[in-house]
Amino acid sequence: MDIIGQFPLFYFPEYGSAWMMGMTGTIHILASHTSVGAAMLFAYLSYKAYKENRTDLYPYMKKYGMFLLIFSYVIGSITGPGIWYTATAASPRGISALIHNFVWVWATEWVFFVFEVIGVFVLVYFIDKIDKKTHLKLTFSFAMASVGTLALIIGIISFMMWPGTQEYYTTGSASDAFFGINTFPHMFLRIGFMIMLSGVIGLIISSAMKKDNLELSRELTKKMGYISMLGGFLVLFFFMWYMGTLPDNAHAVFNITKADVIQSRIILTIVFSIYFLVAIVKPQFISTPLAGVMVFVILIAGIWPGEKLRESMRKPYVAGQYIYSNQIISRDVPGKGIKSELPIIAQKGLLQVNPFVPENLKVITEENKHEAGKLLARMACSNCHSLEKTGKYRPLKDRLAGMDKEAIKSILYAIGAGGMPYMPTLKLPENETDAIAQYLASMKY
Ligand code: HEC
């Protein structure tokens, strides 16, 4: 019997499973990037405290460390496994591809992570109990472990965009998968963002210290302004480099929304440049509520659209440019012994080859055609488009509005022929194409 290695379909109505991933990921990014950024910031402050004998910086680090422990580490540690659960449900074969390529990289990352979590406790607890030099050494190793987790994860995530080397497909080696042309620009882009975030969070802590020590509070607010500004510049600079290392399909998707993306990023850059300038020039104007609100602005106007864009630009793939978002393998990867599933699907149909399709829908008849069309649309399209009339995630209602069955069929043929680079070139047998078109037409979008 011909079957392909599918998993049960996780169908999330209205918002789509990708939004679930996006929401978990966005919160996780805020927490994890803050932690790594703060680790670098601590190394800097601890160095200053040691070199210039600035023991007054320790209470600031202690407060900041407590804040990290309560927010970043708790939220990060909940949403981290949350990403695993969500991704496993939403994209089991995407996760499987990553594990099969990077299992030791991940194992190493976890070693760094354990070091990092213990490190932050130790740092906060021992801050005024050990000598300055030992504390400095601890902070440096904490920073290195934190940046280590980032570097390893970014290699893995960059592979999701594309391996960035052709050799990978023949060798299947982890290092070819890891060191694509996209990895380093992506890494530096994130480091810039982390530095910026460490300053933005730092402003909450420094402004809250006004009543304890006004002068120190102002000095640190200024410093956080400079640090955020530096991080912001790095983000802009490395973003340009990053964009230049993306594959063609990414540019095809980016071009659709380019004008809006650029406009909203310019507005965001202006708003934050003003905010950082105020922190530098008029630190007394930065209050804790304002600093808190700005973190939310970054979360909602910065990270969320940024991550959505990165997810979109990866389309039609979910990982390595060989697994489509709808969980179908689209090309041979000889180095991994992987074969494209497109030919067998074109020949036998999705219903036949997917082992989780209920028996009564395996063969399309007049009676089950509507049900079969619905299931096929879910299997083929719902990973990237909401099917509901009120759907929010790249909804088909806008893209198929007013089309009848024949018009939808011609779209499906065009998709199957590779006419739209951001969609899977999924060619289905005539009876399945007909069933999907009939079902989608019956939705009367
Ligand atoms: C891998 C993700 C993915 C899958 C699976 C997918 N699409 Fe798309 N689709 C996209 C993207 C990305 C766009 C372009 C951006 C947009 O329109 O928002 C798009 C656009 C479209 C458009 C507008 C075409 C245009 O260029 O103007 C239609 C129609 C469409 N998809 C139909 C479908 C149908 C029907 C299916 C199921 C057979 C499907 N898509 C499966 C990602 C996907």
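Glycine is treated like the rest: Cβ placed from N, Cα and C.
Per TrEMBL, the features are:
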type	residues	note
DOMAIN	368-444	domain 'Cytochrome c'
TRANSMEM	20-45	transmembrane segment
TRANSMEM	66-84	transmembrane segment
TRANSMEM	104-126	transmembrane segment
TRANSMEM	138-162	transmembrane segment
TRANSMEM	187-205	transmembrane segment
TRANSMEM	225-242	transmembrane segment
TRANSMEM	262-281	transmembrane segment
TRANSMEM	288-306	transmembrane segment
Chain residues outside the transmembrane segment (104-126) and at least six past its termini with a C-beta under 8 angstroms from it: 35, 39, 42, 61-62, 65-66, 68-69, 73, 77, 98, 135, 138-139, 141-142, 145-146, 148-149, 152-153, 155-156, 174, 178
Outside the transmembrane segment (187-205), six or more residues from its ends: residues with CB under 8 Å to it: 30, 33-34, 36-38, 40-41, 60, 63-64, 67, 147, 150-151, 154-155, 158, 220-221, 223-235, 237-239, 241-242, 276, 279, 286, 288, 291-292, 294-295, 298
Beyond the flanks of the transmembrane segment (138-162) by 6 or more, those residues with Cβ under 8 Å of it: 35-36, 39-40, 42-43, 46-47, 94, 98, 101-102, 105-106, 108-109, 112-113, 115-116, 119-120, 122-123, 126, 130, 177-180, 182-183, 186-187, 190-191, 194, 246-247, 250, 310, 313-314, 317-321
DSSP-derived helix, strand and coil totals, residue by residue, for the domain 'Cytochrome c' (368-444): 42 helix, 0 strand, 35 coil
Same-chain residues near the transmembrane segment (20-45), Cβ under 8 Å, at least 6 residues beyond its ends: 12, 57, 60-61, 64-65, 68, 71-73, 75-76, 79-80, 82-83, 86-87, 90-91, 116, 119-120, 123, 139-140, 142-143, 145-147, 149-150, 190, 193-199, 201-202, 227, 231, 295, 298-299, 303-304, 307-308, 311
